[in-house]
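Undergrad: Encoded as structure tokens, here's the structure I'll be asking about.
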């Protein structure tokens, strides 16, 4: 054989492989584009119909639709469900297919970024202060659209009310009462249209939120806004009827009415009372000072939804059923995931009182650096769940995830005491029996967060933190450094960290990340600056030189049982979560159709509230039966996959971290490796002057896109957003364009 044949053959194979890969990429891109177009068309058409519905044209469209579809297999209720709730379920199914095709990880390269900086609707702050907090241009447009819709709906329904008065020739004495009740009816209808969207933002692992890459912690604010609007219209709905019945002198008689055919009043009263209790306890002051009262009262959503179905019947309840069904899907999956006990690999306490827990996770669990989890510690409470940002990067290790917890309230104080007890028991290990050894039994929901690691989309980053808000930025830095070390695609080359703390003892948080050990000679690969502002001290303490030492060394838990976090989460495996959604939806449609054919129609069931109850039962049963079946197989797949990967070649140390074997050159240079403190500037007795900070970057970074991520209190976010807005409006062509991103969690 000629010596040149092998290289030629290799070149042919390489060319063939490249051609096949290119062809596959074109097919994937085409499918994604088609799905995007189809989903966009369905969504726009659906929203336009919802906005037209209060008017006479929308009413005529619905009448024609019912005439066409009510005689089909789905019946009258099915026709309403298809036009109001069907589109959002179809979009969810298409979204699951889109995510499956897209793959697991978004890779940002220089080819994907624009040559010149440009404004983005989601990252340009328009409103920076007020009841809405920091509002981006995209959110402001959404607020405007909803505001126009409400004004239009009130105007359109008022015209229709006047036409109804003329049509029925109501007597002058009863005209005002009739108009009042008719207005109450319209307010209730607007409330139902708002409720179409109400449950979509609070589905933590929602396929829809993942599609548009809005994490749950951001979406909760939309739920809050929609909740206020929905309850306002429902309250006006109830108030109009109460005033009208009071004028008639029939308030108590009609208030407790529960008709078989038509609207059942008493269930509506119960639903409204439950809604009002949730509304009052969700106000910012109550939620901030009495969070547990807010949390437990909010469980009345079950009463609110069930009695709403009894109040309006299946026909009208089908208007809001789509969003509620997606929420039930998410809630059942969360319940199943949270039943598993998760091992605490290690725990330690820092001088500032912050606790670090390292939790076990399976190798196939995917998450991004800006993710968060909900944590329950059964020794402290069986009911309380608390959200915490993840402080570790997915590249830190395949078998663990770490969180930092600041001791602020009663729950975290109890956790600190439990860790202290555990530390003392470890020192007396020989004297304590296994049965009496203190334990920390944790359960976890999540992780949740952005679908794509958007911090990797910027070549230049400014990370602004307040206090414990530095936690997610440890994950970002670790993620970037791991990628730089391993030669993976990683855009960020310049990172400025601005961290404001009250006292210097919080500097010990820096011990949670050891930058030189992650990436040796990191300064050659990453331009990193850390500016720390200690606001309540005018000069350093004597102990500041020892800030990297911890009070208690890492505690290894002796009672681990090999249980890691469950991957049964909406943000988990795309194929399984897609199957869960699709099969549950098909099961629900099949179940409601069979009940309609073989029970409701066969036995001539006409009671509205009973049909509404059957509708809710079918929703829940379809998730439990069909969704539960998928969950069982998903769990078995997780178990088998976990066993295979557990027998892999991953090297994990006692802290759950994968070992990295440095090269000979790295080992040779360890003695002269730079210290991260050389790139850290600490200022005492002052706060960050963000205008000066941003102006200083004008000459250093030039005309580039700069991602600014803020994690901290509302005042910090407002201050940064205000400076970004001002800088962006008056910037010169050769200055950076700053993009505001918030990473603060506020239930």
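Yeah, the Cβs are placed from backbone N, Cα and C, and that goes for glycine too.
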Undergrad: Transmembrane segment per Swiss-Prot: which of the ranges 17-36, 37-56 is that?
TA: 37-56
Undergrad: Which residue range, 197-217, 260-280, 323-343, 344-364, is the one Swiss-Prot calls transmembrane segment?
TA: 344-364
Undergrad: According to Swiss-Prot, which listed range is transmembrane segment: 222-245, 366-389?
TA: 222-245
Undergrad: Quick test of your reading of Swiss-Prot: among 62-80, 81-99, where does it put transmembrane segment?
TA: 81-99
Undergrad: Which stretch, out of 108-131, 132-155, is listed as transmembrane segment by Swiss-Prot?
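TA: Of the candidate stretches, Swiss-Prot labels 132-155 as transmembrane segment.
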Undergrad: For the transmembrane segment (574-596) and the transmembrane segment (344-364), check the count of CB pairs under 8 Å (sequence separation 6 or more) and say whether it reaches 3 or more.
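TA: In this chain the transmembrane segment (574-596) does not contact the transmembrane segment (344-364) - fewer than 3 Cβ pairs sit under 8 Å.
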Undergrad: With CB pairs under 8 Å as the measure, which of the listed stretches 132-155, 222-245, 297-321, 344-364 comes out on top against the transmembrane segment (81-99)?
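TA: Comparing 132-155, 222-245, 297-321, 344-364: 297-321 has the most Cβ pairs near the transmembrane segment (81-99).
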Undergrad: Near the transmembrane segment (132-155), which residues from the same chain, at least 6 beyond its ends, have a CB less than 8 A from one of its CBs?
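TA: That would be 50-51, 54-55, 119, 121-126, 186, 190, 193, 221, 225, 229, 714, 717-718, 721, 740, 742.
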Undergrad: Could you list the residues of the same chain, at least six apart in sequence, whose Cβ is under 8 A from the Cβ of residue 447 (NAD(+) binding site)?
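TA: Counting only residues 6 or more apart in sequence, the Cβ neighbours of residue 447 (NAD(+) binding site) under 8 Å are 365, 367, 371, 372, 373, 390, 401, 569, 571.
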Undergrad: Taking residues 6+ outside the transmembrane segment (612-634), which of them lie with a CB under 8 Å of any CB in it?
TA: 77, 305-306, 309-314, 317-318, 321, 324-325, 328-329, 332-333, 336, 568, 573, 576, 579-580, 583-584, 586-588, 591-592, 595, 599-600, 605
Undergrad: Counting every protein chain present, what is the number of Cβ atoms, excluding its own, within 10 Å of the Cβ of residue 446 (NAD(+) binding site)?
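TA: Its Cβ has 27 other Cβ atoms within 10 Å.
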